[in-house]
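In TrEMBL this protein carries:
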COMPBIAS  1-20  compositional bias 'Low complexity'
REGION    1-24  region 'Disordered'
DOMAIN    33-148  domain 'Semialdehyde dehydrogenase NAD-binding'
ACT_SITE  CYS161  active site, acyl-thioester intermediate
ACT_SITE  HIS274  active site, proton acceptor
Amino acid sequence: MGTAPRRSSVSPSRAQSRRSLSVRAAKTENGPTIAIAGVTGAVGQEFLRVITERKFPYSNIKMLASARSAGRQYEFEGETYTVEELTEDSFKGVDIALFSAGGSISKKYAAVASAAGATVVDNSSAFRMTEGVPLVIPEVNPEAMAGYRAGGGGIIANPNCSTIIALVAVAPLHRLAGVKRMVVSTYQAASGAGQAAMEELELQTREVLDGKPVTQNIFPFQYAFNVFSHNSPMTDNGYNEEEMKMVKETHKILGTSDIRVTATCIRVPVMRAHAESINLEFERDISEEEALRALAAAPGIQVADDRAANWFPTPLSVSHLDDVFVGRVRRDYSRDDARGLNLWVCGDQVKKGAALNAIQIAELLL
Ligand SMILES: NC(=O)c1ccc[n+]([C@@H]2O[C@H](COP(=O)([O-])OP(=O)(O)OC[C@H]3O[C@@H](n4cnc5c(N)ncnc54)[C@H](OP(=O)(O)O)[C@@H]3O)[C@@H](O)[C@H]2O)c1
């Protein structure tokens, strides 16, 4: 193998210090009224943090969850908000409704919210593949939501978290050399399955270390000190739903079903942030240097690829960060030509895979 190319290497720990730590209130009279359906959950809580970090303007926030949480109070940007039960009447006067309460709740209430004039940004899988519903990663296909505005109604879908993290990295390379085939293996964190899954991982870890039997409520396998196939339902073709989402959503977002995609989705006992190994085949030769240049220039990406130190992104080092981190950019030597590359990609899926991506969509509505 030749000399390693010169690499733009940004360390996630250094990048961490760039994070916006501002807590300046984004409340403003002229801002939209926002509703967060599922505010008590992992993504719902992240919405609040991202609104503050990005100073997303709002005049009021309606905090919605199930009847179980009604009456719960949150301090947010100096004000006290009381969680209300999500009902059909929740969306009067709402301009932007952020949904993260699960697919069945989105199916039941997103159309109601849209009819009331709210523009819905939905984190569930309920409408992702519905014709006419834009499926948007703002760095990749913002044009898909042209014409949508806050208060104008309609539903925009946030893609699956693993798909977002993969495509933020893959899209610039696709534009450069045309991706023909993508083989992806995911290493998915507990946070992707919500607050209760994170609690189960923590509890089981303590139980194993204490020599106690493990409590299993969320996953079909012991999660602590284990690795297993993604817990989404199995489909007829032997792939689980998470894997098929990566196939179908990639086609919809990149606007072509010519790219052959195959995925293996795995849960790993990591609290937060997903990692993915991605093998790409291109229509033409592509060098590591070209790929690194395109990645470094693309929005939402940081290249962290230090071969000399054998140092690359990890879920821990990218947790709570906005960008998708790409490392281990290397030629696929199983091929006789120079049309193959391997990448290692890490991204915080509660953030870029869910709340941040949705708020970026909401920014495009203003
Ligand atoms: N976690 C991720 O990284 C991620 C990434 C992409 C997409 N998503 C999607 O985002 C959605 C939420 O995920 P999550 O991880 O935040 O889950 P979570 O932590 O389990 O939170 C679920 C939220 O939904 C609310 N909810 C449940 N039943 C409800 C009902 N009948 N009426 C109103 N609200 C109800 C819960 O309220 P209570 O507290 O009152 O029960 C809670 O606020 C899911 O569709 C998920 O697939 C998640």
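Every residue gets a Cβ built from N, Cα and C, even glycine.
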If I take the alpha carbons of HIS274 (active site, proton acceptor) and CYS161 (active site, acyl-thioester intermediate), what is the distance between them in whole Å?
9
Reported in the order helix, strand, coil, what are the DSSP residue counts of the domain 'Semialdehyde dehydrogenase NAD-binding' (33-148)?
32 helix, 31 strand, 53 coil
Where does the mean pLDDT land for the domain 'Semialdehyde dehydrogenase NAD-binding' (33-148)?
98
Three-class DSSP secondary structure - CYS161 (active site, acyl-thioester intermediate):
helix
Using DSSP with the three-state reduction, classify HIS274 (active site, proton acceptor) as helix, strand or coil.
strand
